[in-house]
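Remarks on the structure that follows.
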Amino acid sequence: MSKKYIIALDQGTTSSRAIVFDHDTKMVASSQREFSQMYPQPGWVEHDAMEIWASQSSTLIEVLARADIHSEDVAAIGITNQRETTVVWDKVTGKPVYNAIVWQCRRSKAICDELKAQGLEDYIKQTTGLVLDPYFSGTKIKWILDNVEGVRERAEKGELLFGTIDTWLVWKLTEGKVHVTDPTNASRTMLFNIHTQQWDDKLLDAFDIPRSILPEVKPSSAIYGYTRIAGEGSHIAIAGMAGDQQSALFGQLCIEEGMAKNTYGTGCFLLMNTGVEAVQSQHGLLTTIAIGADGGINYALEGSVFMGGATVQWLRDELGLIRDAQDTEYFAKKVEDTNGVYLIPAFVGLGAPYWDPDARGALVGLTRGANRNHIIRAALEAIAYQSRDLLDAMSKDSCVELKQIKVDGGAVANDFLMQFQADITNVEVLRPELTETTALGAAFLAGLAVGFWDSTDELKHKAGIERNFTPQISMQKRDSLYKGWQEAVTRTR
């Protein structure tokens, strides 16, 4: 094999990364660049799309140097990205008409309220699988069209293009030749019919968004175009693309119905592959596209917890109880339990399955005997309790009782958290040897598209489990602990 490597571009909320993988899925080299976060008003979050491109393109150049390889050695590039973040740009000059509006930004709440008043909430859920919320791209696009001078007129003349970050990167990598997205990213816009896999005319009319600005939707594993790194060397295929959480699902090889993964980052994102059926949640979860490849679509149920690792950051930065996130395991293990203390980290409300923006954080069960160790342990347990909430909702929606869950993200290095997650859910927790599963998913999609790997069956033999955590507590204790959590949550709402 003359081409020995795949490069994954992992464009995240705070940094851009590039990782080189070899045929055995081992990491050869990586590069990372952070970029600016902008908060022009309370609740608003923006990025400079040109800075994102500069950071991502520089990591691509740097990672080749670190791996000591040339473009001729690279079979393909795969892309994974922060989802929902919205860019609108001039198709001739390539200049954005406004900063990228980030998925966290809440500025379009009034637009959501207007759409709810028009009675569109149920149609949006049935068509897109999403809740009507500023989180998703559709209302962000509308805000730009309605509020940036001259932009709507230019869009209606066919002068502008829209894209989520995947689309923006492909357009830049191909020097403006390719305007494309994949089903996983399209499914996060609130404009895409996940059943027909088409942009939805009724929603485009309701949002008043011209179809001409939208990208073409192609499979998650396909050759979209070619790029030359820094304008030099041979052309490399851009051949795989998926939103970050779906990419992690694929990187964990959760490719069959009933398989699930939980990513422990700033928040927690739990996705379960539901196969060819788009299961409509009755318990506060999102219905989304898991992957679109091999001529078909697999769907997923998704639940998000707002405060995962961010809860540990709060312990460190606001309370000063720890110096480093890694310290939490040491302190948590110094006590047998939390002494009845529950921390409900509803600092920005509660996500799935509650969707309660007005809930606020609380420490429940404090007594004179409670100490730092109990509070730190309660913070870690809260991450696992919230994931149990999601797992229970998924089991009810899918009628599938999960036996195993694969995990990834920074917090999975915490053995205490992983063991408690297994204990409180009564589910086996599998921690992979390689936890860079988001980037690995993009690499898999690209490699499969160009024949670097023959099939997902081949990939299964390369995916190793570093450790599995099995439930160790009795059902009686599990039920008692979780009942205490549920009672504590009611006090925050």
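Glycine is treated like the rest: Cβ placed from N, Cα and C.
Going by Swiss-Prot, these are the annotated features:
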| type | residues | note |
| --- | --- | --- |
| BINDING | T13, R83, E84, Y135, D244 | sn-glycerol 3-phosphate binding site |
| BINDING | T13, R17, T266, G309, G410, N414 | ADP binding site |
| BINDING | T13, T14, S15, T266, G309, Q313, G410 | ATP binding site |
| BINDING | R83, E84, Y135, D244, Q245 | glycerol binding site |
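All features noted in Swiss-Prot, drawn onto the structure.
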residue: T13; record: sn-glycerol 3-phosphate binding site; contacts (Cβ under 8 Å, 6+ apart): Q82, T85, V102, W103, Q104
residue: T14; record: ATP binding site; contacts (Cβ under 8 Å, 6+ apart): E34, F35, Q37
residue: S15; record: ATP binding site; contacts (Cβ under 8 Å, 6+ apart): Q32, R33, E34, F35, S55
residue: R17; record: ADP binding site; contacts (Cβ under 8 Å, 6+ apart): L9, D10, Q11, S30, S31, Q32, R33, T59, A439
residue: E84; record: sn-glycerol 3-phosphate binding site; contacts (Cβ under 8 Å, 6+ apart): W103, Y135, F136, S137, K140, T164, R188, T189
residue: D244; record: sn-glycerol 3-phosphate binding site; contacts (Cβ under 8 Å, 6+ apart): D10, G12, T80, N81, Q82, R83, T438
residue: T266; record: ADP binding site; contacts (Cβ under 8 Å, 6+ apart): G308, G309, A310, Q313
residue: G410; record: ADP binding site; contacts (Cβ under 8 Å, 6+ apart): Y264, G265, G309, A325
residue: N414; record: ADP binding site; contacts (Cβ under 8 Å, 6+ apart): Q326, T328, E329, L380
Sparsest Cβ surroundings (other CB atoms within 10 Å) among the binding-site residues Q245, Q313: Q313
Per-residue Cβ crowding (10 Å cut-off), top of binding-site residues R83, Y135: R83
Secondary structure at Q313 (ATP binding site), reduced by DSSP to three states: helix
For G309 (ADP binding site), the number of other Cβ atoms found within 10 Å of its own Cβ: 18
Neighbours of T13, R83, E84, Y135, D244 excl. site residues, C-beta within 8 Å of centre, sn-glycerol 3-phosphate: Q82, T85, V102, W103, R188, G243
Structural state of N414 (ADP binding site), classified by DSSP into three states: coil
Check: same-chain CB within 8 A of glycerol site center, minus R83, E84, Y135, D244, Q245: Q82, W103, R188, G243
